[in-house]
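What TrEMBL annotates here:
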| type | residues | note |
| --- | --- | --- |
| ACT_SITE | 47 | active site, proton acceptor |
| BINDING | 20 | substrate binding site |
């Protein structure tokens, strides 16, 4: 029911700094509901570290995971700004415009922008 959906929060990113992120599609086996989530953390040296951490968590909730790409997030909580940019060498570039729409739901009072800049 709704509890598994709620457990898979749409956005989990570090509260401050610049770090790698990935955009992940969660899907119910058999083509049921699907949703995209954003995960980013300074703790991850590589994009696949993030995926390897959340994949088993999401499988436990009954989702199949697919990484749609990655990039970087610059999170400035003091100025309430988030910038999405860059790409993942392994997964390719996420659609940053999709990422921004997801982030806007969580950070409603932020200025959130994206670009294809590398840094």
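In case you wondered, yes, glycine gets a Cβ from its N, Cα and C as well.
Among the recorded positions 20, 47, the residue whose Cβ has the fewest other Cβ atoms within 10 Å is 20.
It is 6 Å from the Cα atom of residue 20 (substrate binding site) to that of the residue listed as 'active site, proton acceptor'.
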